[in-house]
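Peer 1: Okay, so Swiss-Prot annotates it like this:
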- THR2: N-acetylthreonine (MOD_RES)
- 63-200: domain 'GAF 1' (DOMAIN)
- HIS149: heme binding site (BINDING)
- 231-369: domain 'GAF 2' (DOMAIN)
- 383-578: domain 'Histidine kinase' (DOMAIN)
- 386-452: region 'Histidine acceptor domain' (REGION)
- HIS395: phosphohistidine (MOD_RES)
- 454-578: region 'ATP-binding domain' (REGION)
Amino acid sequence: MTTGGLVDENDGAAMRPLRHTLSQLRLHELLVEVQDRVEQIVEGRDRLDGLVEAMLVVTAGLDLEATLRAIVHSATSLVDARYGAMEVHDRQHRVLHFVYEGIDEETVRRIGHLPKGLGVIGLLIEDPKPLRLDDVSAHPASIGFPPYHPPMRTFLGVPVRVRDESFGTLYLTDKTNGQPFSDDDEVLVQALAAAAGIAVANARLYQQAKARQSWIEATRDIATELLSGTEPATVFRLVAAEALKLTAADAALVAVPVDEDMPAADVGELLVIETVGSAVASIVGRTIPVAGAVLREVFVNGIPRRVDRVDLEGLDELADAGPALLLPLRARGTVAGVVVVLSQGGPGAFTDEQLEMMAAFADQAALAWQLATSQRRMRELDVLTDRDRIARDLHDHVIQRLFAIGLALQGAVPHERNPEVQQRLSDVVDDLQDVIQEIRTTIYDLHGASQGITRLRQRIDAAVAQFADSGLRTSVQFVGPLSVVDSALADQAEAVVREAVSNAVRHAKASTLTVRVKVDDDLCIEVTDNGRGLPDEFTGSGLTNLRQRAEQAGGEFTLASVPGASGTVLRWSAPLSQ
């Protein structure tokens with residue numbers, strides 16, 4: 001209160017405590033603001049430290065699966081998210097890998113399948129830009145969640161790039177404090193995604209280097225087997241096994257023309273000669289028509305293909321089989337056959353890199369096969385040439401000299417007066433005649449050795465062809481030097497094949513049958529059919545005859561069911577030298 005322009009001393013005294021109180025309030029607010037700023041600075045420093053630590057973690061490993069899991073775990077920890085996931089896709093935007101965190105295995109099992117790149121996830125794959133949502137279900141691209149999927153609301157998605165190419169996306173949902181993701185969260189995750197891109201690229205390069213090393217080793221093993229003298233036809237199983245291992249697939253098969261010398265354009269069907277994997281165990285000896293568009297492109301045109309579904313005509317067991325690689329065995333202008341690799345995984349089980357690598361592997365295997373086949377034929381030609389030379393030498397030199405010696409001894413007989421000596425000279429002349437006759441027989445055998453191969457082939461083929469009218473689909477394979485099989489054993493072989501095929505037609509009710517004749521230290525005959533299999537008790541004169549023939553020849557006879565499928569395998573063997 002004032003009096004004559006003067007301030008009342010009592011009023012001044014009352015204002016001083018008020019000013020003091022206001023000053024204290026402003027100081028408290030300032031201290032609180034400073035404390036908040038300090039906390040923000042500390043929090044920012046901690047988050048930066050967390051980002052650096054996360055970058056170090058995700059770039060530390062070279063295993064792709066482990067690297068992806070490290071990225072997801074680091075991202076969820078960095079922004080305090082309840083759920084996290086990362087997908088990796090190929091150039092066709094097919095999801096190849098999907099790792100997740102926050103969902104237990106029981107829930108995953110009940111959901112039944114992983115995301116397929118649809119909805120908001122598909123949007124980020126098609127348009128790789130950061131996306132932050134307060135309610136993911138409200139987005140126009142959202143298609144909802146499958147049954148048993150945990151509810152999710154807030155969402156942050158960031159593309160993972162390498163050299164401006166997006167090959168994956170990092171997803172985070174539901175901060176544990178219930179708040180939406182912030183601008184700072186997005187910046188941090190983008191920084192982590194940049195490091196993740198480098199880490200994934202390094203892991204993929206390492207994976208490709210390991211795969212290429214395995215490819216080199218597999219190619220070397222096959223070439224070594226072939227060039228060491230192993231029968232080329234038997235190495236196809238190694239080709240199928242190595243193809244299975246290189247691709248981590250579930251099954252593989254090799255199919256070749258029945259006549260390897262026939263031009264590819266004239267081949268009507270391929271014979272499945274080797275399989276690896278239980279899913280294809282029952283189709284050995286079956287044939288595949290080349291009429292199908294994909295198979296014809298691969299075999300006739302020599303173009304490797306990757307398909308999401310393969311339908312090989314005539315093989316009902318593989319109807320609508322999953323992803324597959326179809327690889328031509330190309331070598332010097334020809335295609336020796338086809339390797340088919342099958343996976344039970346979904347689309348994208350095989351990558352472009354795998355197709356390229358496996359096509360090169362098949363080419364190298366086919367080239368080694370062709371070289372080995374050429375070497376085998378050259379060796380056979382050398383043997384036949386040597387036999388012709390030996391036959392000529394025996395005829396032109398040895399027989400003539402023996403004949404001259406015989407004439408000389410025969411001329412000396414009348415001049416010898418001792419009857420005992422005359423008899424001994426006559427016996428020697430007779431022995432020389434026997435030797436000459438044996439040599440002539442040997443010459444005939446040497447000249448006929450090359451025809452012997454054809455004769456045995458023709459006899460076996462004729463024994464099988466006898467049942468052509470029964471509707472049985474048959475294939476015959478020959479492995480080894482057939483010329484070393486003598487006539488007696490060839491007779492046995494023909495009888496065994498005839499009896500085995502007859503049993504398959506009359507008793508097994510088979511529709512397909514494969515005969516494999518292999519000559520090594522023994523003559524081995526294997527007849528496989530897809531019939532009813534072995535009965536609980538089986539008897540019959542035919543089987544008894546086969547067993548007796550094996551015993552008389554010093555060999556073995558067995559009859560067993562086809563492992564993992566219907567049908568019977570008959571094996572008969574006998575040593576070459578009796």
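Just so you know, glycine gets a Cβ as well, placed from its N, Cα and C.
Here the structure is a predicted model, which means the values were calculated and not measured.
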Peer 1: Which residue counts does DSSP give the region 'ATP-binding domain' (454-578) for helix, strand and coil?
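Peer 2: DSSP classes over the region 'ATP-binding domain' (454-578) add up to 52 helix, 37 strand, 36 coil.
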Peer 1: Would you mind checking how many other C-beta atoms are within 10 angstroms of the C-beta on HIS149 (heme binding site)?
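Peer 2: Excluding its own Cβ, HIS149 (heme binding site) sees 14 Cβ atoms within 10 Å.
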Peer 1: Does DSSP give the residue listed as 'heme binding site' helix, strand or coil?
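Peer 2: Assignment for the residue listed as 'heme binding site' reads coil.
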